[in-house]
Amino acid sequence: MSSSGLLWSCASQESKPALLLLRRALVWPHPRAGQAFMLLWVSVLVLAPVSGKSEAVAKPVISLHPPWTVVFTGETVTLTCHVLHLHAPQKIKRFLWYLEGRMLRETPGNTLEVRDSGQYRCQTQDSLPSDHVSLTFSSANLILQAPPFVFEGDSVVLRCRANAEITLDTTTLHRRGEVLSVSDESSDFRIEQASLKDNGDYRCSGFKNGCCSYSSNTINIEVQELFPRPVLTASLSPTVSGKSVTLTCKTQLPPLRSDVKLWFRFFKDDDMLQLGSESFLKIPTLTTRSRDPPYYWCEAQRGSSGVCKQSQKSQLRVQIPVSRPVLTLSPHGASVPEGHTVTLTCKAESGSFPILYQFLREEVVIQKMEPTQGMKSVMSLRAEHSGNYYCTADNGLGAQRSLPVYLTVTVPVSRPILTIRRPRSQVVEGDVVELYCGAWKGSPPILYRFYHEDNALGSSRVYSRGGASFKLPLSAEHSGKYACEADNGLGAWRSETVSLDIKVPASRPVLTVRTPRAQAVEGDVVELRCEAQRGSPPILYQFYREDNALGSSRVHSRGGASFKLPLSAEHSGNYSCEADNGLGARRSETVSLNVTVPASRPVLTVRTPRAQAVEGDVVELRCEAQRGSPPILYQFYREDVPLESSSAPSGGGTSFYLSLTTEHSGNYSCEADNGLGAQRSEVVPLSVIVPASHPTLTLRAPGAQAKVGDMVELRCEAQRGSPPIWYRFYHEDVPLGNSSAPSGGGASLNLSLTAEHSGNYSCEADNGLGARRSEAVPLSMSGLTGSRSGPIATGVTGGLFSTLGFGVVALLLYCRLPRKAGGRPTSDPSRSPADSDVREPVYHNAPAWLDLQPVYSNVNPKGGEVVYSEVRRIPQGSKPAANSDSVLGLLRTHLPSHGQAASHRPSDPPGSSVIYSQVKVACPSAYVAPQS
């Protein structure tokens, strides 16, 4: 089939013919034998280099959406990282994105939205970074947009785009400064079938009628090669009927265009053999030799009318491998004297020309001949080395090697060389040295003799290549000159003399530590003195602490060396020194040095079990000096008064435990002393807080008995507790109100009574260390219950009288005795008028039977010192003036006869009699709590 109509697109790439070799095993008659075989082998010959890039390692590829490298500021471009060939998508766990070479982000998917200008790359966990893609986010009025990559044959769209605020009437596309196209209808310009001629700088301009013109950015478009020129290769492949040759048209698409479909054409001379998407073609092998073999080539084309490229033309020919050569030597014989000329001839009986011959001795190439058109090659050499000699013949179809031929060259012995092998750089008395004598050439056997100052020491005969040795234990007398002699019967040779000097190693040195005082203290300067009693100078002295080098000194005469060391705490440890004169280093015994460090200023730490120190807590006083040699004695102080002392035998700190009371508030410090000067810590203040005690609730009413409408004062006070204290008041466990005492003391709550206020009252005190509740105080109001029967009142009243009788005597004694002893009078001028109000009854915590007690009135006849209380029995037939005056009896209060209070003295009810009387000394401090 003629291909003249199909070659127009690739005609510009016509190439010179090349040779494609086909080798196959064929049966071929030999003119000088009954029948022989010529083996022809198939190989693949690459006849032209591939101009494209090889895919050694696949890189990811970035695509853009929209497909422009320049967009307006504020728009978004989506980058997609495509992974090609190497990695299955399910194995990729993450994608790494880079901007300007710096890590930007890691994403689980292969897309990323960006809004910033710069060079972007992507990478997976197992791939190389992709090639960069440059993006520009422009704020200009007019931009020219183009795709990031352009390849041969691409249809390229260039878009001239104005921002949303500008409407253009005409747009113009420029290339390399020249107008390429003008349009007043569309802003898109198209380049069909891009090629290298379309390379260059592009920009666009826009014009708005009656207004102004605009110019865009410049974009450089570089059209890249879609695929390199194909290469035609050949290889043998087995078939059912025998063997065939597979021709392969090899080329490669770039990763960015891996989806492009290529068509391939195969040609033999001017005939097309195959057209299709397959890049290979099988043809039968040649069975006979041809004087004019045909030419083969191939074409690769994008689609049906795209980029087309053609391979070089190649031929298939039959060649004959070279036969095994034969090596001959001249003159004939197994032994040749050194220096004589020997001719080597290598001959192959058959093989295609040209043939390359090589000559070898013991696997080493000694001569490589030029390729020849003849069947043999000859070389001459001077007999110098005995050994096996070979030759090889190679015509490119497989090298063939001859059988070995052994050549013996007899050589007189050369002048030997004496070497003294010693166990160290300088020989030392007591060492064993080895005298080695060797002649670098000479036919064996060779007799070696050893001499010291021309006196024979010994001899040795060697039957193979190499020298002889003689071992000599050294003493001081062995210093002198040595020589050796070699003789193989063709003449004896004496070596040059070698001098031997015996040295004395340095003895074990002694280290002395010289200190300025009996005990080494931090800051002192000590002298380390090291000296070896024997040894050939110069001697290098090295000083060590715990095997760490401190310094060194070289002494060129007898004597020792010194090293001065300013001491610090880290210099405590074991010291040693080393003496070395090149014959072996000797280490001294270790000397211990203990550097005593004065105690540093200690730090006192007060460790409390909670945020604040509370009475009853156990606190830990921890004193510790960060530096100082043990043992360290620690002393604890409160307000400079010693509390406790403790020793730390191994260093570190020590603790002192203190069970807190209120008296323990104050300034604390501690002292550290290790015999080199005591150091006092800074002062640490400690404030002990006392929890609030159980409070006492007192009810104060304005009248003899609480009635509906009265204003009652509830007074709550905790006798102990660090301020501030928060007080809460309760009625039947229902909160009534609260009040704070910032400076301590108690707090009050005023309550206007209603019928619902009867019941039990309590209060609570809390200063942050736990709330404490008072005992309940019952309150009953008159008018809420009827009169009790006589028998009940009599029984209750009798019990009450007996209890009050004992109470009167006790109170008299309590209040009289302080006055006799010079105590404070019971009438306290500091009391407020409210505290001494004669009409104010005082309610303390009382038993639950308070509602059975009679009603009380207070009389203070002597200026508030003595209060008389009477309980009169009222006959059943008499009626009290008011229901609120009595329930079981009448409480009569005798007021003093002078002053305003006398007018308020109540008259005795008719028919009443005193059934109980009690004298009380008014001691407000015993039962009245101060107001807050």
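Note that Cβ sites are derived from N, Cα and C of the backbone, with glycine treated the same way.
Since we're looking at a predicted model, the values are computed, not measured.
For 60-138 (among others), the entry in TrEMBL reads domain 'Ig-like'.
Annotation source TrEMBL lists domain 'Ig-like' at 152-220 (among others). Per-class residue totals from DSSP over the domain 'Ig-like' (152-220), listed helix then strand then coil: 3 helix, 36 strand, 30 coil.
Looking at the domain 'Ig-like' (228-314) alone, the prediction's average pLDDT is 81. The domain 'Ig-like' annotation in TrEMBL covers 228-314 (among others).
Across the domain 'Ig-like' (325-410), DSSP assigns 0 helix, 51 strand, 35 coil. Here TrEMBL flags 325-410 (among others) as domain 'Ig-like'.
The feature domain 'Ig-like' is assigned by TrEMBL to 416-499 (among others).
Annotation source TrEMBL lists domain 'Ig-like' at 509-592 (among others).
According to TrEMBL, the feature domain 'Ig-like' maps to 602-687 (among others).
According to TrEMBL, the domain 'Ig-like' annotation covers 695-780 (among others). Residue counts for the domain 'Ig-like' (695-780) by DSSP state, with H, G and I taken as helix and E and B as strand, are 3 helix, 47 strand, 36 coil.
TrEMBL lists 792-814 with the feature transmembrane segment.
Two recorded stretches are said to be in contact when at least 3 C-beta pairs lie under 8 angstroms, sequence spacing 6 or more; the domain 'Ig-like' (60-138) and the domain 'Ig-like' (228-314) meet this definition.
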